[in-house]
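Below: one structure, written as structure tokens.
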Amino acid sequence: MEKDSDLLPELFRLALKPGSVDGLDLEHERPSPAQELRRKIVEGILYNKKFVPTYHFVILALVVLFSAAHWGEKTRRWRRRAVKPRSEALHDEDGLETPKAISITGGPYIRDLQDSSTPSSGSSTILGTESPPRKDLDDDEQTPLLYTGHHLQPLHPRRTILSGFQAFLMYQPRPIPLVQKALPSNGTSLAIVFFLGINVFYTFWHIDLEFVQSFVLADRVGFLFVSNLPYLYILGAKNQPLKFLTGRSYESLNLIHRRLGEVLCLQALVHALGMTGAWYYFIRPTGFLPTLLDFLTLKIIVFGLIAFFSYELLYITSLASFRQRWYELFLGLHVVFQFLALLFLFLHHPTGRPYVGAALAIFIIDRAIYRINLKSLTVEAQATIMEDDETVRLSTTIILQRPKTNHVLLGKSIAHGWQATDHVFITIPSLAKKYILQSHPFTIASQAPHPDEQMAKLDLLIRARDGFSADLLMRARSHKHLQVRLDGPYGSSHCRHLLESSDFQLLVAGGSGIAVIWPLVQHLISLSRSSDAENVSASPVLQKKIVVIWVIHKGEHLEWVGRQALADAEYRGVQTIVPRATEEIGRPDLASEIAEALAGAVSNGKRIGVVTSGPDSMGREVRNICAGMKRNGVDVDVAVEKFGW
């Protein structure tokens, strides 16, 4: 195999070998064009071997930089909470209004919580005012950060160049026209562009853009491809150190993973075309490989082509349009194409073998060692079809155990508890044979257990769409109890830490995004209870203000949380705003709702933390409202928990 992998370089050396012309030895004459070209190619290949490895030092430096920024911010937040006087941290002494009772606007639901009656859809609002229908989110964006008429400014604006730059990074542009592809925030886009720019720099630095140097370019790009391979697998791993080091969520890292995958597909294409061009220009005229078929049937080329097409098909089947429509097929093909690509890339050339080994090691650690040591838990769950007849609630009671000492390194089982915003992978073999080896992620919709509790209720809300969820809905119609294997929990602490370090906490949910938001509300209430106990406070009302805005499509969706749970949160001082169902009045004026909810906090200079979970359009709108506030000098931070996987 080693000799076969050296065949192409040997052919190039033979093709460019200086020789004799009519018996005249030219070795001691002035270098011929062929000799000069051979020298450039050899120098280019040797330079590639020295230059490309420095790419890893650049990536390492970036990881260190982002990690330092993340942990520096965490340290500042911790000091801010520790140094701030407790009375200032827990009490609103600056005139911030006392939290209102629960305000479910639009009429149909406020009475349900207070007197269990069922009014008509036209009943009037008791608390607050009904939010008027608003035009489509994308109709008017001439004002890029805030909708006209809803400007939020502090009493003493601190609008600076820094706040303007931070607002720009926070802002999320509209989807790409025609294809309607959603774009991330400007900050994420700049990070991706910078990462891509590094790859462009390493591709073309010290490369003469001449067709005769196509072999050097192809060699450089191929080297970069295998160098990026371990990073592709690290960014796509469910269990990885980058989440801990940089504080980024799985979703944000997975976004970079997808963009890097696109870069690798392009690099593989350039490598293949460059090698084909080199064959045509250098080797074909010598008669060694006179036809394209002769070239393509070389063993080294065959292995490379199989790896190339495996990665290209891996990318195509990973596109959102394919993944969302055929999720189960996507999972199976992802494993098959990864195996083929790694195997034949290993056989293709010795240079790539260390990187293939590293990528394979990452894959094994992520999929095997972690999963085995997590000890997935199989439980009997009660399946309940909700009032909307399209949502299944899986409920079970978890007997809690004390976490083992190695759970920090190897993760922990669901039996060791979970945190707000965590998710689990579930497997239900009884649905069909094809689901025996499949696992699907869902956010835990119930409150995280306290460390002292011995058992806890775990709820999952699953809306039926197609595939697994549709089959689950059909199964739940005839079977009220199902055997479910739980793997996890997984998740990030970013949202919790953001809210914990804020004076005013706004949580915005769209539809089933309440599965993320409501456990966060319970988490904040639990923290307030602990603080109240430490300060010997008898009042059950929260001292920090918490506002929840929940946009629902149907009135029946209110049962996802339950009227009793909403009433309990009301008793604790959480202000909940639920506009009338969108199927009745259309999308609510979310900008107006947020402006009204945050008015007191903005005018008093409070630190505001915002977390939203729901459709992409809602997350984008909330992010951009916060960007407008940031531009005006408001101390606000936002986190968007997106749907999808």
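Numbering starts at 1 and runs along the chain as it is shown here.
Here the Cβ of each residue, glycine as well, is placed from N, Cα and C on the backbone.
As recorded in TrEMBL, the features of this protein are as follows:
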- 116-125: compositional bias 'Low complexity' (COMPBIAS)
- 372-496: domain 'FAD-binding FR-type' (DOMAIN)
- 82-140: region 'Disordered' (REGION)
- 54-72: transmembrane segment (TRANSMEM)
- 187-205: transmembrane segment (TRANSMEM)
- 211-234: transmembrane segment (TRANSMEM)
- 263-283: transmembrane segment (TRANSMEM)
- 295-314: transmembrane segment (TRANSMEM)
- 326-347: transmembrane segment (TRANSMEM)
With the transmembrane segment (295-314) as the reference, which stretch in 187-205, 211-234, 263-283, 326-347 has the largest tally of C-beta pairs below 8 Å?
326-347
Quick check on the domain 'FAD-binding FR-type' (372-496): DSSP residue counts for helix, strand, coil, in that order please.
30 helix, 47 strand, 48 coil
Confidence over the domain 'FAD-binding FR-type' (372-496), expressed as mean pLDDT on the 0 to 100 scale, is 85
